[in-house]
Amino acid sequence: MTNIRKTHPLFKIINDSLVDLPTPSSISSWWNFGSLLGICLGIQILTGLFLAMHYTSDTATAFQSVTHICRDVNYGWVLRYLHANGASMFFICLFLHVGRGLYYGSYIFTETWNVGILLLFAVMATAFMGYVLPWGQMSFWGATVITNLLSAIPYIGTNLVEWIWGGFSVDKATLTRFFAFHFLLPFIIAALVIVHLLFLHETGSNNPTGIPSDMDMIPFHPYHTIKDALGMLAMILVLLMLVLFSPDLLGDPDNYIPANPLNTPPHIKPEWYFLFAYAILRSIPNKLGGVLALVLSILILALMPLLHTSKQRSMMFRPLSQCLFWLLVADLLTLTWIGGQPVEHPFIIIGQLASILYFSLILILMPLISIMENYLLKW
């Protein structure tokens, strides 16, 4: 008798995706982050659901309701900090997942890559709206500054901003709609994840060499499930250490001050995972130019398949490209540091140089060095 998992219409889909899926035998731990992102999404949806049961999206009571969750709800503080730090873990895994894709040439699977970029934008939008909900000082001013960027769009900008705000400033209507969208978006993300996997399973996974491995496949279960389980254990350990020992390590102290439209914080800055993009935004003196650079800093990923000039897919055997890749990583870390610094000398010039280097590396230097490597290898 055939196993039910191979015949039942529903189980068959799960089986073909998680059990009998042919997977390259050579994929390293860098391929763990897809499953870790799935776990992160699950944690965020669950903790978010329970938090939503106690949260009120009203400017008068939002801050108080978060305080109530932390003080009066059974293990409410665990839920709140799991959700806040879970977002940080989500972005760490996201950045590593995208970095893996860049290093090993996974962007050659264009459909999977483009759905991934959509997912990145959706997660960033969700995280931004979630940061507004506790209605602290940084929540309010962050929402004001970031939504105000849309006013740089010619002709329709001002009307667009007021339409998003639901009034003439960030107020009750803004908070209510941000809560509604923050609740809805994770389910859209879950649907996009299924599409992402659908496209991935059409082509099969890439591997560190970048060479097709159709002749060397192993079943996903048990080989990669046990490997993923180790990654999950490590990630959950780090998350629990953050939650239980230093839950506010990655947060901003200003967000413990209730939102006050009459008092601007000395340094308005987003959560750490947006600082690199914020630094690029601030490095351009022109408002519209800054907004375009901000969007392009992520959208540039969509150009990766077009900018691939090497005859090899992966960077595994391309030492010169590897040097530029790690320079890009160092540059992004520099931008993250600059994004959290005040707008004064020498941080302004460092931010501008790091922004120029970021775009130069991706658009000019990496494609050129790939052509040079082809020439050196007489290809």
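Backbone N, Cα and C atoms are what each Cβ position is placed from, and that goes for glycine too.
Some features that Swiss-Prot has for this protein:
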BINDING   His83, His182  heme b b562 binding site
BINDING   His97, His196  heme b b566 binding site
BINDING   His201  ubiquinone binding site
TRANSMEM  33-53  transmembrane segment
TRANSMEM  77-98  transmembrane segment
TRANSMEM  113-133  transmembrane segment
TRANSMEM  178-198  transmembrane segment
TRANSMEM  226-246  transmembrane segment
TRANSMEM  288-308  transmembrane segment
TRANSMEM  320-340  transmembrane segment
TRANSMEM  347-367  transmembrane segment
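A Cβ distance under 8 Å defines the sequence-distant neighbours of the transmembrane segment (113-133), meaning residues of its chain 6+ beyond its ends; these are 55, 57, 62, 66, 87, 90-91, 94, 98, 101, 106-107, 139-140, 142-143, 146, 174-175, 178-179, 181-182, 185-186, 188-189, 192-193, 195-196, 199, 270-271, 273-274, 298-299, 301-302, 304-305. By number of Cβ pairs under 8 Å, the transmembrane segment (178-198) is matched best by 33-53 from the list 33-53, 77-98, 226-246, 288-308. If one looks beyond the transmembrane segment (33-53) by at least 6 residues along the same chain, the residues whose Cβ comes under 8 Å of a Cβ in the stretch are 69, 79-80, 82-83, 86-87, 89-90, 93-94, 96-97, 100, 182-183, 186-187, 189-190, 193, 228, 231-232, 235-236, 239. Cα of His201 (ubiquinone binding site) to Cα of His97 (heme b b566 binding site): a distance of 17 Å. Cα of His83 (heme b b562 binding site) to Cα of His196 (heme b b566 binding site): a distance of 24 Å. Least packed by the Cβ count within 10 Å, out of the binding-site residues His83, His97, His182, His201, is His201. Within its own chain, the transmembrane segment (77-98) has Cβ neighbours under 8 Å at 30, 33-34, 36-37, 40-41, 43-44, 47-48, 50-51, 66, 69-71, 116, 120, 123, 127, 130, 235, 238-239, 242-243, 247, 250-251, 271-273, 301, counting only residues six or more beyond its boundaries. Sequence-distant neighbours of His196 (heme b b566 binding site): residues of the same chain at least 6 apart with a C-beta under 8 Å from its C-beta are Thr112, Val115, Gly116, Leu119. Taking the C-alpha positions, the distance from His97 (heme b b566 binding site) to His182 (heme b b562 binding site) comes to 23 Å.
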